[in-house]
Amino acid sequence: MSKILVFGHQNPDSDAIGSSYAFAYLAREAYGLDTEVVALGEPNEETAFVLDYFGVAAPRVITSAKAEGAEQVILTDHNEFQQSVADIAEVEVYGVVDHHRVANFETASPLYMRLEPVGSASSIVYRMFKEHGVEVPKEIAGLMLSGLISDTLLLKSPTTHPTDKVIAPELAELAGVNLEEYGLAMLKAGTNLASKSAEELIDIDAKTFELNGNNVRVAQVNTVDIAEVLERQAEIEAAIEKAIADNGYSDFVLMITDIINSNSEILAIGSNMDKVEAAFNFVLENNHAFLAGAVSRKKQVVPQLTASFSA
């Protein structure tokens, strides 16, 4: 029997990689499964900081599960097929651990599925460690903590669940770090955008959502200076136009998120700008508009777009 591949979504972030490492370890220890962690893309700068800090090698990148000889896979931090490996429909999904909406997901066989509306997939995996009485190694605790910090912007995002505020200090202690100091350093590591091309910038953390027959790409970049990113607007818009043409997106929505002040600027291009404007009750000027208090794609952008595109 081949190894069960464990991986997060395309354009992996710290939670996608952290939760997959953690669950692969738990699956071996608690369930006796033969698992291997892989990824659907290279780590971003934030995640590279995390892996280096805790001395963990980056997972190898795959583009096909079947090409790896895999018959079964476990998904963490996602379930929608368009966000997963290209041939996901051709292998058996053994299990899913996720904290997002369920959409465009169907399996031929029963599976193990753990879904909770918490701040990160890592939060769920940590609870499973405790349920099974499995000791958490320091580096695994660090990866799960990093996934939680990343997805909740150090517990400031509205996606933060009350249990996340309990879990974070526990994981910080297990990882041997100061929660606030490490969290801020980690988040700042992911805001170095100057070295990124516009094409790289709009793909750092991007997901495609099928909204009422429209393929809508929603990307997010974190920064400490929104104005600095907007100085590159012409370059970014050219990259977005190319991405739309190359991939058949109907619309492209980019969140430029200020992690210090917890606000975002929305830059949007596509065929349904009236629906984007209606979603957030704003008017786009020169293709962008300010969205006060918005830091979460999952809670403050995608549900609003979903409702607007369905109206």
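Keep in mind that glycine also has a Cβ here, set from the backbone N, Cα and C atoms.
Classification of Asp77 (Mn(2+) 1 binding site) by DSSP places it in coil, neither helical nor stranded. A 10 Å cutoff on Cβ-Cβ distances gives Asp77 (Mn(2+) 1 binding site) a total of 30 other Cβ atoms nearby, all chains included. The feature Mn(2+) 1 binding site is assigned by Swiss-Prot to His9, Asp13, Asp77.
The Cβ of Asp15 (Mn(2+) 2 binding site) lies under 8 Å from the Cβ of Gly8, Asp77, Ser120, Ala121, Ser122, Ser146, Gly147, Leu148, Ser150, Asp151, each of these being in the same chain and 6 or more residues away along the sequence. According to Swiss-Prot, the feature Mn(2+) 2 binding site maps to Asp15, Asp77, His99, Asp151, an assignment based on sequence analysis.
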Per-residue Cβ crowding (10 Å cut-off), top of binding-site residues His9, His99: His9
Would you identify which of the binding-site residues Asp13, Asp151 has the most other C-beta atoms lying within 10 angstroms of its C-beta? Asp151
Additional residues around Mn(2+) 1, ordered along the sequence, whose Cβ is within 8 Å of the centroid of His9, Asp13, Asp77: Gly8, Asn11, Pro12, Asp15, Ala16, Ile17, Ser19, Thr76, His78, Gln83, Ala121
For the recorded Mn(2+) 2 site formed by Asp15, Asp77, His99, Asp151, which further same-chain residues have Cβ atoms within 8 Å of the site's Cβ center? Asp13, Ala16, Ser19, Thr76, Asp98, His100, Gly119, Ser120, Ala121, Ser122, Ser123, Gly147, Leu148, Ser150
Using the alpha carbons only, what distance in Å do you get between His9 (Mn(2+) 1 binding site) and His99 (Mn(2+) 2 binding site) once rounded? 12
Cα-to-Cα gap, Asp13 (Mn(2+) 1 binding site) vs His99 (Mn(2+) 2 binding site), nearest whole Å: 14
